[in-house]
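As given in TrEMBL:
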- C:Asp29, C:Asp76: Mg(2+) 2 binding site (BINDING)
- C:Asp29, C:Gly30, C:Arg31, C:Gly32, C:Phe33, C:His34, C:Ser75, C:Asp76: GTP binding site (BINDING)
- C:6-135: domain 'tRNAHis guanylyltransferase catalytic' (DOMAIN)
- C:138-290: domain 'Thg1 C-terminal' (DOMAIN)
- C:96-116: transmembrane segment (TRANSMEM)
Protein chains: 4
Amino acid sequence: MAKSRFEYVRNYELPDPLMPGTFIVVRIDGRGFHKFSDTHLFEKPNDKRALDLMDQAARTVLDEYKDVIMAFGESDEYSFLLKKNTKLYNRRRSKISSSIVSLFTSAYVFHWLTYFPDNPLRYPPSFDSRVVVYPGEKEIRDYFAWRQADTHINNLYNTAFWALVKDGQSTTEANKTLQGTDSKDKNELLFSKYGINYNNLPEQYRKGSICVRRPATLVDDRQPQQQIEESITAGVSNVSIDDPAVGSVEDDSVSQTRINGVIRKEKKIKKAKPYEGIDGEIVVLHEDIIRDGFWKERPWFLQ
Amino acid sequence: MAKSRFEYVRNYELPDPLMPGTFIVVRIDGRGFHKFSDTHLFEKPNDKRALDLMDQAARTVLDEYKDVIMAFGESDEYSFLLKKNTKLYNRRRSKISSSIVSLFTSAYVFHWLTYFPDNPLRYPPSFDSRVVVYPGEKEIRDYFAWRQADTHINNLYNTAFWALVKDGQSTTEANKTLQGTDSKDKNELLFSKYGINYNNLPEQYRKGSICVRRPATLVDDRQPQQQIEESITAGVSNVSIDDPAVGSVEDDSVSQTRINGVIRKEKKIKKAKPYEGIDGEIVVLHEDIIRDGFWKERPWFLQ
Amino acid sequence: MAKSRFEYVRNYELPDPLMPGTFIVVRIDGRGFHKFSDTHLFEKPNDKRALDLMDQAARTVLDEYKDVIMAFGESDEYSFLLKKNTKLYNRRRSKISSSIVSLFTSAYVFHWLTYFPDNPLRYPPSFDSRVVVYPGEKEIRDYFAWRQADTHINNLYNTAFWALVKDGQSTTEANKTLQGTDSKDKNELLFSKYGINYNNLPEQYRKGSICVRRPATLVDDRQPQQQIEESITAGVSNVSIDDPAVGSVEDDSVSQTRINGVIRKEKKIKKAKPYEGIDGEIVVLHEDIIRDGFWKERPWFLQ
Amino acid sequence: MAKSRFEYVRNYELPDPLMPGTFIVVRIDGRGFHKFSDTHLFEKPNDKRALDLMDQAARTVLDEYKDVIMAFGESDEYSFLLKKNTKLYNRRRSKISSSIVSLFTSAYVFHWLTYFPDNPLRYPPSFDSRVVVYPGEKEIRDYFAWRQADTHINNLYNTAFWALVKDGQSTTEANKTLQGTDSKDKNELLFSKYGINYNNLPEQYRKGSICVRRPATLVDDRQPQQQIEESITAGVSNVSIDDPAVGSVEDDSVSQTRINGVIRKEKKIKKAKPYEGIDGEIVVLHEDIIRDGFWKERPWFLQ
């Protein structure tokens, strides 16, 4: 098409490639979510509906971007890890960062009513995002350990804080009560005064949410039905399978979708490289990612 | 709160400040909107509902970010201009870029049903964004001229293209028919064959949409009702006042909202610096921004 | 030639273009020049030989890089201004910054003996450099005003400081004596106690050095000899023509070189655009660049 | 000191920190060295004096910057590797890059006469520099392998090329003769036609120069004299000990300097961490750095 004499302004768009051979993390954060959670009457210290909605938005990102190999979320933030040698958008910083935060936001608003059916959205929420690049396996593990440690620290504090507030303290008083306390003090307070055993609280609150693809080969050599039953009865103690959004997205019930999914994909899976897990279904876990176990089960993440 | 031994990973978050004293443009672009517009049965070559929804999302951005002084949109893209000396987020590139694209996306999904009441959203759409920095007035004017010239070129082409297609040509044939034609040829084709006088098509299609704040002082020294009437009968030939979203946002009809708006803001307006126009209501125009007129009326934009 | 399997490491060399249409300043700074000036017994507060050597190194840069339109130096630093639309090295930040600091350093060492014939270099000195980009005329003028104001402030302080030290105070005492004094106090001290009228000190010390090309057209319509004579007798009160290095570089005496220069270049000059001054000889001035005069005489600098 | 109203221009100096925990390589390259080597009558295909001078300039850099752990040079280029966790200049890109290229250039000019006593420098040469950041050990090894492979490829070509030219071919003819030949062809040509066994040419030409510090502990538990003798008789077949510059720098003969060096530093060495080798003397090697040996002997380089 014809070029205008104004085209030169394109030269001001400078390149912003990220270093090759490094791990890209995109972290999104809610903007003004203190007010947003008040306006929408989120339960304190944790609103399971809100956390599940965050998880659903993260799943949407993993579903769209095959190079996002895992995500970790807590509260109003989520971190996405891209595979080391991703060529997504030629590793352009802005493109990667903006596309992910936009899709996450879009999915959050799109799925709102599924998670808050009686609580319509009052105004459009938003998130910011940043890209952080890490050179190696150690730094990536420490990054996610940092976020999960943060989840624990914040949740323990918030659990104690809201227990005090619900017990009649003002927020100022509750903050003051907790000032200078360590983890043991807070656990003790919760247990002795409110009968709360912190370690029995839901793992989703204490450990955050991890979005990953189930390795495709796990479903390969067993009967689909057997696998589903196992998932439901045993292995899924900390997998969110009671996900109200799945129906609306895939027009089908969870287990049927999964059976069909397995059947539909079976041939394709056999050709896929077994360790990549790209075709596997996306699951949300709530488990420890600070220790080695999680990473040893997924050696391809950090290769 | 306690610090974990993983905190060092924060050092990998490097600063990304934009040069001071320059104009920041954030341009957002629809991702995969060819498919999105097909799936959602957008009318061709222009779907007024879709354009109005884009305009509404842009208004939301201007409403939230006082330092965004204007925006220009066409098709599935929108460009936002920040005032030269903005301190928004300390001019951090990622923060500015991501917050704007996230809010735009959120508003697009949030307001969807207002513009497509019979056409529910099938999946969450997304946009990318980039920041471009311009040193001076000339480059900014040329940037917006570039986008508006692009609007014209694309719209003329698409209008001719879809006339041919609706007339029975395949898309391949239509492209071929138009190959090598200039503006005059396309105008001639539209007029002689289809009786379409291109210059009579809606300005929104030919010139795109400009989101600006009406200078606060314009509403100051007249009676609110008089102003509204004038707006409706005269000056607003190219202002979108038939905006279906306004009601749902402000719980009131358009003219009443404006009357109330004027009344509510009157005292505040008198204190505002008359040339800043920050407190003025946001309007969407469809006029020429290539020539001097638009900019001469708003000398504070480029100062 | 054959490519090795290691070639991929080149992909880690990321682009670093500077924004188009802006002013690029490269500022170089001596590293460890406190020690360097002590080791090489520089006179205090100003060593004319050292300043002339800095000026000579800057001339070498202007001589090599036609897009460097001016330079300003004081003490052990020098700032180089590139013309707004320079395409030098495709505006690559590292390439521009490193090439200039390297050539400057090289010329400094190369010409050392010309300025310090009895004082051989004891070890190789070095400089660092940085690039700063400015969007417009105002910022560039303020940048150079900032450096020249700094020259004045530092020189007045150092002049007073060394007067006190030479008078018997320790450096600690001298610093203490000057603590809290303003310009007027220092002028007064110098005059009343040491009979020094600060304003009569050499302009090179008080105003720094400005390296520019004499506009080529100035020599065009007059007889070469006439021009030289005028230069020597009148206009050059603050031009360094007693430059001991010129001879060694061009194998000729100053005035003859210049006469020859004019004669040799006469035809070429007539074709050159009169306002560019690219072909003009490089001169070192010591005059005010804070006020308008300097810039008004050279309108092409900031266009 | 007083601040001027122009100080705001400092805000245009934006931060440029390099990612933590990565390997920084600074590569410097001669500017216009084709012409420079012609003007200064460098011998072809290799001028040992010129290469030794390059090595000497690199030694100066290692001597000044303890965080530069090795350097590799060939022809008119040199690459410097900084240790992974260097805090040099807070990892500011420009500061690191410019300081190193400036010191290298300065040392090159400073030492010129030592290497070219009968061939004074005609004009100041210069180099550019760039910073490249690598995430891990593999990439660093491949980087240096890439440069050393390049040395080999270029030197084989140049050796054949200059043999042909000295034999009477024009440069154009020589280029044509070599077009399409592989390594084996060139080796064969050199041997059959000119009796040159390429593998017997000096390692400095075929493998380039590696500047490293001799690990401090290697000299610790042996008698200094014994170590020197071993160096001279055995291990140092490819160490440049006939370095004419050393005397002028260290005011002593090579072996004595080394003996003294060992003696002088002995106590200090015992306290130094044995693996760091920071206090060790700087040596120039000409050996293979593509294979594992070099790196296995220096495990601290890539940690």
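Every residue number used here counts from 1 along the chain in the order it is shown.
From the backbone N, Cα and C atoms, a Cβ is placed for every residue, glycine too.
Counting same-chain residues at least six beyond the ends of the transmembrane segment (C:96-116), those with a Cβ under 8 angstroms from any Cβ of the stretch are 18, 24, 26, 28, 40, 49-50, 52-54, 56-58, 60-61, 64-65, 68, 78, 80, 82, 88-89, 124-131, 244-245, 248. Considering other CB atoms within 10 Å as the measure, the emptiest surroundings among the binding-site residues C:Arg31, C:Gly32, C:His34, C:Ser75, C:Asp76 are those of C:His34.
Across the structure, C:Asp29 (Mg(2+) 2 binding site) and C:Ser75 (GTP binding site) are spaced 9 Å apart at their Cα atoms. A distance below 8 A between C-beta atoms marks C:Arg31 as the binding-site residues from C:Gly30, C:Arg31, C:Gly32, C:Phe33 lying next to chain D. If you draw a 10 Å sphere around the CB of C:Gly30 (GTP binding site), it holds 21 other CB atoms from the protein chains shown. Around C:Asp29 (Mg(2+) 2 binding site), a 10 Å sphere centred on its CB holds 18 further CB atoms from the protein chains shown. Around the Cβ of C:Phe33 (GTP binding site), the same chain contributes C:Ser75, C:Asp76, C:Pro125, each under 8 angstroms and 6 or more positions distant in sequence.
Reduced to three states, the DSSP call for C:Asp76 (Mg(2+) 2 binding site) is coil.
Secondary structure counts, DSSP: the domain 'tRNAHis guanylyltransferase catalytic' (C:6-135) has 56 helix, 33 strand, 41 coil. Residues C:Asp29, C:Gly30, C:Arg31, C:Gly32, C:Phe33, C:His34, C:Ser75, C:Asp76, recorded as binding GTP, reach a greatest CA to CA spacing of 13 Å. Same-chain residues with CB within 8 A of the center of the C:Asp29, C:Gly30, C:Arg31, C:Gly32, C:Phe33, C:His34, C:Ser75, C:Asp76 CB atoms, the GTP site residues themselves not counted, are C:Phe36, C:Ser37, C:Glu77, C:Phe127.
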